[in-house]
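The feature substrate binding site is assigned by TrEMBL to Trp59, Tyr66, Arg67, Tyr68, Asp121, Arg147. The feature 2-oxoglutarate binding site is assigned by TrEMBL to Asn106, Val107, Tyr108, Arg196, Val197, Asn198, Leu199, Thr200, Leu201, Arg202. Per TrEMBL, Fe cation binding site is recorded for His117, Asp119, His173. Summarising the annotation, TrEMBL assigns domain 'Fe2OG dioxygenase' to 99-205.
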Amino acid sequence: MEIEAGVHLYRSYLDESAQIALLRDIEAVIAAAPLYLPTMPRSGKPFSVRMTNCGPLGWVSDKAGYRYQSRHPQTREPWPAIPQALLAAWEALADYPHPPQACLVNVYDSAARMGLHQDRDEAALDAPILSISLGADCRFRLGGAKRGDPSRAFALSSGDALTLGGPGRLRFHGVDKILPEIAPRLVSPLLAQGGRVNLTLRRVG
Ligand code: MD3
Ligand code: FE
């Protein structure tokens, strides 16, 4: 359903067996492209979210800034391929005539969060972003086009898909907190102690 202009939420888009299969795919991505802790531009302060990527390009952040690049910042290897199930979800939900170029993998422990921000490191602002959540619920916050605009919070749960396109694409958003007590029974080292995984598929331009 379209919860706001350009923001579509598909609750339980992936059923339990699809979530388990996707977790195995992401564990394989991480075996090839290890999770690392990005740091903030200028300050060098670490994020609380661990990250990696799959696809031709990956989003990275370090003291030099935010950017997309074709290799892992530590191993210097190309990113592994985007799993087929994610390409299928993009085909089904993105309403865009080209495949995703990047998939950012965000791994939250129960204390991790993500401050309010806009996603604007992509030249292709006409393309939507597709997000898929696995593991514990989070309290997600969706703001407006300006930082101070009113915002609303809602839960994102394991298996939910969200698309952000058109007027939704540049809205401020963040993850207030992880809700480790609201977690599905999915066995994965990524979800230990109430962890959460979010996958975002993107066109970079
Ligand atoms: C709304 N990730 O990686 S996904 C990010 O749960 C990011 O890990 C969050 O924000 C997470 O940049 C939120 C949902 C999402 C993604 C992109 C958006 C919501 C968005 C872009 C515009 C508006
Ligand atoms: Fe974002």
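Yeah, the Cβs are placed from backbone N, Cα and C, and that goes for glycine too.
Bear in mind that TrEMBL entries carry predicted annotations, made automatically and left uncurated.
A quick note: this is a predicted structure, and the numbers were derived from the prediction, not measured.
Sequence features, as recorded in TrEMBL, placed on the structure.
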| residue | record | contacts (Cβ under 8 Å, 6+ apart) |
| --- | --- | --- |
| Trp59 | substrate binding site | Met51, Asn53, Tyr66, Arg67, Tyr68, Ala102, Leu104, Asp121, Arg202 |
| His117 | Fe cation binding site | Phe172, His173, Gly174 |
| Asp119 | Fe cation binding site | Ile129, Leu164, Arg169, Leu170, His173, Thr200, Arg202 |
| Arg147 | substrate binding site | Leu116, Phe172 |
| Val197 | 2-oxoglutarate binding site | Leu23, Ile26, Val105, Asn106, Val107, Tyr108, Ser133, Leu134, Gly135, Leu190, Leu191 |
| Leu199 | 2-oxoglutarate binding site | Leu22, Ile26, Leu86, Cys103, Leu104, Val105, Asn106, Ser131, Ile132, Ser133, Leu134 |
| Leu201 | 2-oxoglutarate binding site | Gly55, Ile82, Leu86, Ala89, Trp90, Ala94, Pro100, Ala102, Cys103, Ile129, Leu130, Ser131, Ile132 |
Among the binding-site residues Trp59, Arg67, Asp119, Leu199, Leu201, name every one whose Cβ is found under 6 angstroms from ligand 2, counting any of its atoms.
Asp119
Please check the binding-site residues Trp59, Asn106, Asp119, Asp121, His173, Leu199 against ligand 1 and give me the ones with CB under 6 A, sequence order.
Asn106, Asp119, His173
According to DSSP, which kind of secondary structure is Arg147 (substrate binding site) found in, if we only use helix, strand and coil?
coil
All-chain count of other Cβ atoms within 10 Å of Asn106 (2-oxoglutarate binding site)
22
Work out, from DSSP, the number of helix, strand and coil residues along the domain 'Fe2OG dioxygenase' (99-205).
6 helix, 47 strand, 54 coil
With the fewest other Cβ atoms within 10 Å, the residue among the binding-site residues Tyr66, Tyr108 is Tyr66
Quick check on the binding-site residues Arg67, His173: which one has the highest count of other Cβ atoms within 10 Å of its Cβ?
His173
Excluding His117, Asp119, His173, please set out which residues of the same chain place their CB within 8 Å of the center of the CB atoms of the Fe cation site, keeping sequence order.
Leu116, Gln118, Arg171, Phe172, Gly174
The most crowded of the binding-site residues Tyr68, Asp121, judged by neighbouring Cβ atoms within 10 Å of its own Cβ, is Tyr68
